[in-house]
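Taken from TrEMBL as is:
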BINDING   Gly67, Ala68, Ser69, Asp73, Val99, Gly177, Asp182  ATP binding site
DOMAIN    64-234  domain 'tRNA(Ile)-lysidine/2-thiocytidine synthase N-terminal'
Amino acid sequence: MDGGEERRKRAVGRLCSICHEKKAALKRPKTLDQICRECFYAVFEEEIHKVIVENNLFKPGERIAIGASGGKDSTVLAYVLSKLNQEHNYGLDLFLLSVDEGITGYRDDSLETVKRNEIQYGLPLKIVSYKELYGWTMDEIVKAIGLKNNCTFCGVFRRQALDRGAALLRTDKLVTGHNADDIAETVLLNILRGDIARLGRCTQITTGEDGPIPRCKPFKYTYEKEILDYFSTECIYSPNAYRGFAREFIKDLEQIRPRAILDIIRSGENFRISSSTKMPEQGTCERCGYISSQKFLDVVNDKVVKVGKDFMNKSRAVIKWCKACVLLDGLNRGLPKFGIRRTKDSQKVGEHRVSNSETTVANFESKQCGNLDF
Ligand SMILES: Nc1ncnc2c1ncn2[C@@H]1O[C@H](COP(=O)(O)OP(=O)(O)OP(=O)(O)O)[C@@H](O)[C@H]1O
């Protein structure tokens, strides 16, 4: 093609800026390049491969659980990861891991998608359910607690359920389909909540290396818009989640300036956390015995106890419980708001205190749908 012909085709504004042959089918939000579908698939997969290699996400021989919700992100992740694993000989053993929260009309539908993916991609599937792990479905929890705080239960239980499922599969890592938009939203939410500890963690591509199972986000730099194979299913129990407002805000910013999503992630990455900032404790829950990478709560009869204080001079024993156990205990005792309600005693940002006649819990954070630190 001579220069004049090429310019003419470009002037039409419809030719793929990569192959210069086919009609452009979409405009990439990151680069604003107009490209054809075939080139899009190729660059999309190539970028994920680059992220995996440059960040040393996997080692040959590792067993990897893919958090498979049946939504668009994790479905695309399962497909792309199994493709790249074969094409580039990563040498990974891949598994689909699904958590059934027990949400009728939502997760039961998307689990059908995961079951289809099991067959299509030839990846073994493990499903763990809230009912079998905690004795409650989300439908039952919502009946007990209402719609306001149910996202806290769902987020805390899901996080632990994924860890437990990954342990059952004996996997070395868990990957999730969190994308660039999710991470930008989380950066904003953590800033809005003044949660510096989580802000530091939420932009890391791999987290929890000191916990039960490291988690990776291969889609950290991938725009939601570009994650195709779309199965848009918004959770029926989270219509008003605070995260939704952050999401809308990010979408508005993206309209004005498509790079805004990557810029917010970069801002989060560049925040420096002061060495005096107190980070959440990690360890083993003394109730369920499960290692948790989440913040632990100190529970003492009738006493307000702050995490990290010296307990030697206290007369009664301190029990360290993970968040899932505190929430579950509240549910089982008919106190569904236990571990959630904010009281006027709470003074620090993000510190919630819940009291009843037996127990007092400090430093407990109520969060809306989606963990703020994944
Ligand atoms: N029930 C679940 N079972 C297994 N993994 C899950 C489940 N829910 C969420 N995940 C994992 O966490 C990631 C982020 O979940 P989130 O609920 O934010 O959904 P999302 O951004 O809509 O992603 P998706 O489109 O994959 O559902 C998912 O991509 C998936 O890897």
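Placed from the backbone N, Cα and C atoms, the Cβ positions cover glycine too.
TrEMBL: automatically predicted annotations, no manual curation.
Features per TrEMBL, on structure.
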{"residue": "Gly67", "record": "ATP binding site", "Cβ within 10 Å": "24"}
{"residue": "Ala68", "record": "ATP binding site", "Cβ within 10 Å": "31"}
{"residue": "Ser69", "record": "ATP binding site", "Cβ within 10 Å": "23"}
{"residue": "Asp73", "record": "ATP binding site", "Cβ within 10 Å": "23"}
{"residue": "Val99", "record": "ATP binding site", "Cβ within 10 Å": "25"}
{"residue": "Gly177", "record": "ATP binding site", "Cβ within 10 Å": "24"}
{"residue": "Asp182", "record": "ATP binding site", "Cβ within 10 Å": "24"}
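Once the Cα atoms of Gly67, Ala68, Ser69, Asp73, Val99, Gly177, Asp182, the listed binders of ATP, are compared pairwise, the greatest separation found is 19 Å. Following the DSSP three-state reduction, the secondary structure of Asp73 (ATP binding site) is helix.
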